[in-house]
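Working notes, structure below.
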Amino acid sequence: MHSWPYTSPMDALIRYFPQVDYSSCWHAMRDLTDHRDAQQSDEFWVLEHPPIFTLGQAGKPEHVLNAGEIPVVNSDRGGQVTYHGPGQTVVYLMLDIKRLGLGSRGLVSAIEQGIIDFLASLGITAVNRDDAPGVYVQGAKIASLGLRIRRGATYHGLAINRDMDLSPWHRINPCGHVDQPMTTLKAQGVDLDRHSMEQQLVSFLAKRLGLTPRTAALPDWYNTRQENVTTGGDPGSALTQQPERL
């Protein structure tokens, strides 16, 4: 994967973050989507979140069984309830789907197939399901999807379980499905370091989407947030609003 000072319309800027809070990412990717133009490159944001449950637009509070100390927020992505936490890689996809020539169904299929291709390269046989977006290994869910399309562009994206603690999943009905088993790469016998795993995943996703990945620096909103944290300021001061908590 290369880092370039210039881009073409079919380049995707890949930004690798450490652990980032959900609110900052959500509002930053929404802001990017609202202000992008037809010449702007697509972006992948690759990161982890601290523990959090998020309810999509179709989410029902009764699918949160026992949140305990883990925050629950309402999100504007599609889908039901999901969990994010350490040991899970999240890839947010800011894509111009008109430029890519994809409808919503084609987009979901391309993302799922990119994940399936990645898992196949590791010797893991995985499938998607018509009745439940995501990627599954012998019935257990290893990757989740949740997208928002606005102004011909997408944000939000996917999450794949690397080596995370699966116990928080028992506190919800994952994506609204009762007793849905979950799994991880590690449980499937794969023990890749995070950076290598993420680079490989991005490569397969970009190929399925017809994009060329170009590694890029972290964005200004993240650097500003880090400065606020370091100086004792409000890390959310650059955000327009906080998500609604349940």
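Every residue gets a Cβ built from N, Cα and C, even glycine.
Cβ-based neighbour count (10 Å, all protein chains) for Val81 (substrate binding site) stands at 25. Feature annotation from Swiss-Prot assigns substrate binding site to Arg77, Gly78, Gly79, Gln80, Val81, Thr82, Tyr83, His84, Ser144, Leu145, Gly146, Gly157, Leu158, Ala159; the stated evidence is sequence analysis.
Taken from Swiss-Prot, the feature domain 'BPL/LPL catalytic' covers 38-213.
Summarising the annotation, Swiss-Prot assigns region 'Disordered' to 225-246.
Swiss-Prot lists Lys141 with the feature site 'Lowers pKa of active site Cys', giving sequence analysis as the kind of evidence. The Cβ of Lys141 (site 'Lowers pKa of active site Cys') lies under 8 Å from the Cβ of Gly134, Val135, Pro174, Cys175, Gln180, Pro181, Met182, Thr183, each of these being in the same chain and 6 or more residues away along the sequence.
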